[in-house]
Amino acid sequence: MIKTDILIIGAGPTGLFAVFEAGLLKMKCHLIDALPQPGGQCSEIYPKKPIYDIPGFPEVMAGELVDNLMEQITPFEPGFTLGERAENIEKQKDGSFIVTTNKGTKHQAPVVVIAGGLGSFEPRKPPIKGIQKYEEKGISYFIKDPEIYRDKKVVIAGGGDSALDWSIFLADVTKEVSLVHRRKDFRGALDSVEKVEELSKLGKINLITDAEVVDLKGKEKLESVLIRHKDEARGEELKTTDYFIPLFGLSPKLGPIANWGLEIEKNAIKVDNSYDYQTNIPGIYAIGDVNTYKGKLKLILCGFHEAAIMCQSAYQRINPDKKYVMKYTTVSGVNGFDGSKKEAKREVIKSIN
Amino acid sequence: MSDVKITIIDREGEAHTIDAPTDMNMNLMEVIRSYELAPEGTIGICGGMAMCASCQCYMLNLEHMLPEKSIEEEDMLDQAFFVEDNSRLSCQIPITHELDGLEIRIAPVSEE
C-alpha cells in the first residue's frame with residue numbers, strides 16, 4: 001500500500017504543479033496516471049506545439065513546460081504510479097481514501113485530487129456494429145504480446161505509425177498480415193512507409209488501401225472481416241482472419257471516475273469554486289480541465305491557480321489543528337523534502353527592503 | 001459587416017442558422033461550441049489543434065471557399081471515422097466573410 005498526504009489522479013501540468021504547491025505546505029504527493037509518462041495531454045498529444053499563454057513564457061513548447069514542471073517539483077520527491085488507471089475508490093473509517101488502479105496497486109491518502117484533464121486516454125474504437133462482441137475474442141486495440149499472433153492471420157487497420165510498425169513487425173511472425181487503410185498515403189515515418197511498401201511488393205504484407213473494415217463476422221469468435229473498397233467496381237470483400245487489430249490512436253474518456261459518486265455535469269466534475277474546488281464528496285477535489293463551475297476556463301494557468309487554492313484547503317483538512325499562514329516564496333524560499341533549500345540572495349532581499 | 005450567416009445541422013438533424021462573428025478570430029468549431037450545438041465533451045476535445053477529429057463536419061456548400069486542408073488536418077481525418085469526401089475539421093476553418101451562407105452538418109460522434 002502506497003501512503004501519502006495527497007493522492008493526485010492525473011500527472012498533467014495541473015497535477016504536477018499541485019505537487020509544488022503542496023510541497024510548500026510540507027504535504028507529500030503521489031500521482032497516478034494511465035499514461036506511461038508524466039505530462040498528460042502536453043506530452044502525449046502535442047509535446048512539440050508551442051503554448052503562448054503561460055505567464056512569464058512568451059512561448060514554450062508543451063513538452064518543455066512539462067520538463068520544467070518536473071524539475072520544479074523534484075525537491076518535493078513525488079511518487080508516481082504510471083501506466084495504471086485509477087479504478088476504484090473506497091472511503092475508510094478514519095476519513096481517508098484507498099484508490100486502487102486497474103493493475104491492483106493500492107494507494108491511501110486523506111485527500112484525493114482529481115487532475116485528470118480530459119480523462120484517461122483509451123483506444124479509439126472504429127464505429128463497426130457489434131465490435132464489442134468480439135473484444136478479447138479476436139479483436140485487440142493494443143498489441144501486448146506479439147507471440148499470440150504467431151502463424152495466425154491478422155488484419156490491422158489504420159494509417160499511422162502504430163499500424164505501420166506493427167504490420168512490419170508481424171510480417172515475420174504471422175501466417176498472413178493485411179494492412180487496411182482508408183487512403184493510399186500514410187502519415188507515419190517515411191522509413192516505415194517505405195518498409196511497408198517494400199514488404200508489400202515482396203508479398204509479406206497484404207496492403208489494402210482506399211478501403212475500410214465495415215463489418216465483422218464470426219460465431220464464438222471473430223472469423224472474418226468485411227472490407228469495403230472506395231472503388232465501387234471492387235465493392236466488398238470478405239477476408240478470413242484470426243485477429244483484427246484497429247489502431248486509430250487514443251481518445252480521452254472520463255473513465256471509471258465517472259462512477260465514483262461525484263456530481264458530473266457535461267462530462268466534467270462539479271466543484272465548489274467559490275471556496276476550494278472540492279467536489280460533492282468531502283476530501284475529494286477536482287482541479288484543471290476535469291472540473292466545471294460557472295465561468296470555468298479550460299486553461300493551464302487556471303489549473304495552476306486552482307491547484308494553489310486546493311492545497312490551502314487540503315492543508316486544513318490534513319492539519320485541522322494548525323493555523324496556516326500564507327508565505328511568499330520570495331521571502332520563505334523553497335525547502336524541498338530532499339534537504340534542498342532555495343532562497344533569494346541576501347543582497348536581493350536587502351535591495352527590496 | 002462583422003457577422004456571417006452559417007447554417008449548422010446538428011447531430012439530431014435540426015438546422016440552426018446562426019450569426020458567426022468574423023472579428024473574433026474564431027473558427028467554425030468554436031462557433032459550434034459557443035452556440036452549444038453539440039454536447040460538451042463531444043466536440044473540440046483537443047482544443048482545436050486538429051488532433052482529435054471530434055469537430056468533423058460535412059461541408060454542404062461553398063467548399064471551394066474554404067482553406068485547403070493542411071497535412072495535419074488530412075492526417076487527422078485519416079484516423080477519423082464517418083469520413084466522407086466533403087469532411088473537414090471545423091477547427092481548421094476560420095470564420096471569414098467568404099463563408100456567408102455556408103451550410104454544414106456535424107458528423108456523428110463515435111460510440112466508443
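Including glycine, each Cβ sits where the backbone N, Cα and C put it.
According to TrEMBL, the domain 'FAD/NAD(P)-binding' annotation covers A:5-300. On the 0 to 100 pLDDT scale, the domain 'FAD/NAD(P)-binding' (A:5-300) averages 93 in the predicted structure.
A sphere of 10 angstroms centred on the C-beta of A:D289 (FAD binding site) encloses 27 other C-beta atoms. The FAD binding site annotation in TrEMBL covers A:T14, A:D33, A:Q41, A:Y46, A:A86, A:F121, A:D289, A:T330.
Among the residues A:T14, A:D33, A:Q41, A:Y46, A:A86, A:F121, A:D289, A:T330 said to bind FAD, no two Cα atoms are farther apart than 38 Å. Chain B comes close to A:Y46, taken from the binding-site residues A:T14, A:Y46, A:A86, A:F121 by a C-beta to C-beta distance under 8 angstroms. Here the binding-site residues are A:T14, A:T330, and the one whose Cβ sees the fewest other Cβ atoms within 10 Å is A:T330. Sorting the binding-site residues A:Y46, A:F121 by the number of other Cβ atoms within 10 Å puts A:F121 first. Comparing the binding-site residues A:D33, A:Q41, A:A86 by how many other C-beta atoms lie within 10 angstroms of each C-beta, the top residue is A:D33.
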